[in-house]
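Okay, structure first, notes after.
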Amino acid sequence: MNTIIPLLLLSLLITVYAYALEDGNKEEMQDIAESEFEASNEMLQLAHLLEADRAETEEDRNSRQKRCWGANVPCEDENSPCCPPLKCEKTFGYGWWYGSPFCVRSGSG
């Protein structure tokens, strides 16, 4: 009996000490997990900012004035982007020689 009581007390102290260490480890692991989550959250926010910036520059690039087609360039129809003094017209030889109309000065064909 004299040996059993100290062994039980020793096992009780070891168990309490192990639980205390486990709680400390849990807190440390939780802190590490939170810091990793914060780092990944910051990376995610940075990725969103870069994506928004890329979309903004894409809008800026697409907002420039569209280029027009010069003289004697084949065009599809009247809505083709010929330069202002030019119009998309069917010139002489259209159909049997030329396959499409051309951007020409108005009334020259």
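Every residue, even glycine, has its Cβ placed from backbone N, Cα and C.
The disulfide bond annotation in Swiss-Prot covers Cys68-Cys83, Cys75-Cys88, Cys82-Cys103, and the record cites similarity to another entry as its basis. As annotated by Swiss-Prot, signal peptide applies to 1-18, with the evidence given as sequence analysis.
Structure with Swiss-Prot features highlighted.
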{"residue": "Cys68", "record": "disulfide bond", "Cβ within 10 Å": "13"}
{"residue": "Cys75", "record": "disulfide bond", "Cβ within 10 Å": "19"}
{"residue": "Cys82", "record": "disulfide bond", "Cβ within 10 Å": "22"}
{"residue": "Cys83", "record": "disulfide bond", "Cβ within 10 Å": "13"}
{"residue": "Cys88", "record": "disulfide bond", "Cβ within 10 Å": "20"}
{"residue": "Cys103", "record": "disulfide bond", "Cβ within 10 Å": "22"}
Spatial separation of Cys103 (disulfide bond) from Cys75 (disulfide bond) - C-alpha basis, Å: 6
Between Cys103 (disulfide bond) and Cys83 (disulfide bond): CA-CA distance (Å): 8
Nearest of the disulfide-bonded residues (Cys82, Cys88, Cys103) to Cys68 (disulfide bond), judged by Cα-Cα distance: Cys82
